[in-house]
Amino acid sequence: MNLNPVYLALDLPRFDAAEALARKVAGHVGGIKLGLEFFCAHGHHGVMELHKLGLPIFLDLKLHDIPNTVAAAMQAIHVLEPAIVTVHAAGGRAMMEDAKAAADERCKVVAVTVLTSLDDRDLSATGLSCSAHDQALRLAELAHSAGLDGVVCSGHEVGAVRQQWKDGFFVVPGLRPDTGRETGDQKRTVTPRQARDAGASVLVVGRPISRADDPLAAARAIEATL
Ligand SMILES: O=C(O)c1cc(=O)[nH]c(=O)n1[C@@H]1O[C@H](COP(=O)(O)O)[C@@H](O)[C@H]1O
């Protein structure tokens, strides 16, 4: 895997705009993350097209269903040769075990713990009485015992998760280079540098690059802080 830990989240509705942005910053990111917005709009064909850029592809599908369905979905994406795929840890141990068993052996399967857009109050509204921190740790332990490669968590938890899972592969989104600025829908944010120092393996960055006046300068500036 490329040494630059930054994966650019290509959350753009139009294929040509997504491809142009990826081309522009390709030399300053380690890979590209294609999520639900991209996959629902452009499907397998869109992923194949972006493979031509030669960067590792992180397919962020956040699969969450019964084990049989998730395993079948994992098999259906072998052909896309993703470097990383996401499932939801809340889908449970059997679902994660079957997802890992169905994945290509070169693909890292990581489980989303607690979305970075949620805080303790949001969790309480879903019926969970623990903190986002404790829930992320609990789900990371479950993902570890299910044999996954790692988890997705915020920069607030990644240090503690790394302590309990030394050789895990950890993806941290919800990054804001300047935490004093508007964070939008993200609630548990840190800077890319803070996340890296706390033990992140991959740093997911979307809008701080894609919505910057100069995306190339933004990608370079983030790279320079790492
Ligand atoms: O799985 C993810 O990548 C993910 C998990 C999570 O808890 N929070 C989160 O923001 N993400 C993704 O990371 C990206 C963050 O985008 P920005 O907030 O624009 O940097 C989006 O593509 C989200 O789908």
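Even glycines carry a Cβ here, placed using N, Cα and C.
Curation plays no part in TrEMBL annotations; they are all automatic predictions.
Under the heading domain 'Orotidine 5'-phosphate decarboxylase', TrEMBL lists 5-222.
Gly206 (substrate binding site) falls within neither a helix nor a strand when secondary structure is assigned with DSSP, and so counts as coil. What TrEMBL records for Asp11, Lys33, 60-69, Thr116, Arg176, Gln186, 206-207 is substrate binding site.
For Lys62, the entry in TrEMBL reads active site, proton donor. Mapped onto three states, the DSSP output places Lys62 (active site, proton donor) in strand. Summarising the environment of Lys62 (active site, proton donor), the number of other Cβ atoms within 10 Å of its Cβ, over all protein chains shown, is 16.
Cβ contacts within 10 Å of Asp11 (substrate binding site), excluding its own Cβ and spanning all protein chains shown: 17. Note on the domain 'Orotidine 5'-phosphate decarboxylase' (5-222): mean pLDDT across this stretch is 96.
Closeness to ligand 1 is met by Asp11, Thr116, Gly206, these being the binding-site residues among Asp11, His64, Thr116, Gly206 whose Cβ falls under 6 Å from the molecule.
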